[in-house]
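Q: What follows is a single structure, and I will ask about it in a moment.
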Amino acid sequence: MTDLPDSTRWQLWIVAFGFFMQSLDTTIVNTALPSMAQSLGESPLHMHMVIVSYVLTVAVMLPASGWLADKVGVRNIFFTAIVLFTLGSLFCALSGTLNELLLARALQGVGGAMMVPVGRLTVMKIVPREQYMAAMTFVTLPGQVGPLLGPALGGLLVEYASWHWIFLINIPVGIIGAIATLMLMPNYTMQTRRFDLSGFLLLAVGMAVLTLALDGSKGTGLSPLAIAGLVAVGVVALVLYLLHARNNNRALFSLKLFRTRTFSLGLAGSFAGRIGSGMLPFMTPVFLQIGLGFSPFHAGLMMIPMVLGSMGMKRIVVQVVNRFGYRRVLVATTLGLSLVTLLFMTTALLGWYYVLPFVLFLQGMVNSTRFSSMNTLTLKDLPDNLASSGNSLLSMIMQLSMSIGVTIAGLLLGLFGSQHVSIDSGTTQTVFMYTWLSMALIIALPAFIFARVPNDTHQNVAISRRKRSAQ
């Protein structure tokens, strides 16, 4: 990229800045949840909604982000995304109740949903095709650093300042990013087809109400009748979308995608697989602090080996898949992740704390291999005219399944424990043990889906390109 104009390089830095903000926020909050609960006067069992409100909003808003960027312009939407994300961060820091915090996190999610896909679109507009891969590698690198710094930085801020600072640090960064976007980024637009508003609303309602219904009386305090009503509304909304999308060329996501068997299997496996693995980044720091008595900073440091293991495997996952094939790799990594989850629980409860970093490093390696394999399996055989739509649907499913995973983790904690789980409670470790055993079972279940992948699905010439497109 050395031959790119200075203006283009600055524009790439702005996009990288946005990627860093969004990725940092996905991990920095996890370590602070027990402290937030204490400050807001809430049970730690309710705090999973702080993550769910953000991730679910991202899932709901993702389908609209690309269309808005094409219609209104990439600069205008990227600027709006940064402003909304920054305002959401300010309101999070000012929140005095859990409900206020959840609303502020949802506002953050609207900005986060637009930031990454619009950033990818911006790179496509400003960089020549032959340099697109190098440019995307450059702008996504800060996005890989964010999860590495997030847990430790979150723990450090909570321990030596307060949880409010995990949001306040976004404000100066956001202001600089917004000003730089207005000054340096071109406002590319293009012809767009009519937005499928009906399909968007049906999907949004279906995803949101079913997730709320899943949280149930333990998290939302709803009556059984209200929960049944939410389930009915969600199911009806999704069925109506299927009827709406059938033979509709303007549908948000074409049902033709599911004619490709590897896409159908990959999407189903990604949805089920990320429900299980989505529990881990939430549950691990909560368990370390509430179950084992770690300080926030110590718990944050313990998350770093997991991220390092994940980053290290990305270099060799192509060779692994090409050598053994998708079915073997996905079944093995799914069952392996379940076993590593049990190993983490066992070593932690036995007090072998010096072993935990190695177990978490192994967990990161296995999880990264599975993620990359799921992403590329899902997209690799799609025809070119459906690749963009398939990638958008996969991105939405990734966020939705993560929000469901965190919701189920909170539900399991509420099922096995009281509303007053604390470090001083004698039953706390038992509650976490049952929760961890249930998680290991949920993580293993997608192996049945991956076992249906054709055994000869291993030719993977374009895996590295497709893999990055799905991250």
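Quick reminder: no glycine exception, Cβ is built from N, Cα and C everywhere.
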Q: Under the topology that Swiss-Prot records, do P44 and V74 share one side of the membrane?
A: no
Q: So, taking each listed stretch (12-32, 77-97, 138-158, 225-245, 342-362) in turn and counting its Cβ pairs to the transmembrane segment (286-306) that are under 8 angstroms, which one gives the highest count?
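A: It is 138-158 that shares the most Cβ pairs under 8 Å with the transmembrane segment (286-306).
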Q: Contact between the transmembrane segment (49-69) and the transmembrane segment (396-416) is defined here as three or more C-beta pairs under 8 Å separated by at least 6 residues; is that satisfied?
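A: Yes, the transmembrane segment (396-416) contacts the transmembrane segment (49-69).
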Q: Hey, which bits of the same chain come close to the topological domain 'Cytoplasmic' (159-164), Cβ under 8 Å, at least six residues off its ends?
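A: Counting only partners 6 or more residues beyond its ends, the topological domain 'Cytoplasmic' (159-164) has Cβ contacts under 8 Å with 32, 35-36, 39, 93, 295-297.
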Q: With Cβ-Cβ distances below 8 Å as the criterion, list the same-chain residues six or more beyond the ends of the transmembrane segment (431-451) that contact it, or say none.
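A: Residues 265, 268-269, 272-273, 275-277, 279-280, 283, 287, 290-291, 326-327, 330-331, 334-335, 337-339, 341-342, 344-345, 349, 408-409, 412-413, 416-417, 421 contact the transmembrane segment (431-451) from elsewhere in the chain.
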Q: I'd like to know if the transmembrane segment (138-158) touches the transmembrane segment (12-32) in this structure, counting it as a touch only when three or more C-beta pairs sit under 8 Å and are separated by 6 or more positions.
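A: Counting Cβ pairs under 8 Å, at least 3, so yes.
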Q: For the transmembrane segment (138-158), could you work out the same-chain residues 6 or more beyond its ends whose Cβ comes under 8 Å from its Cβ atoms?
A: 1, 12, 15-17, 19-32, 35, 116, 119, 123, 165-166, 169, 285, 295-304, 307-308, 310-311, 468, 471
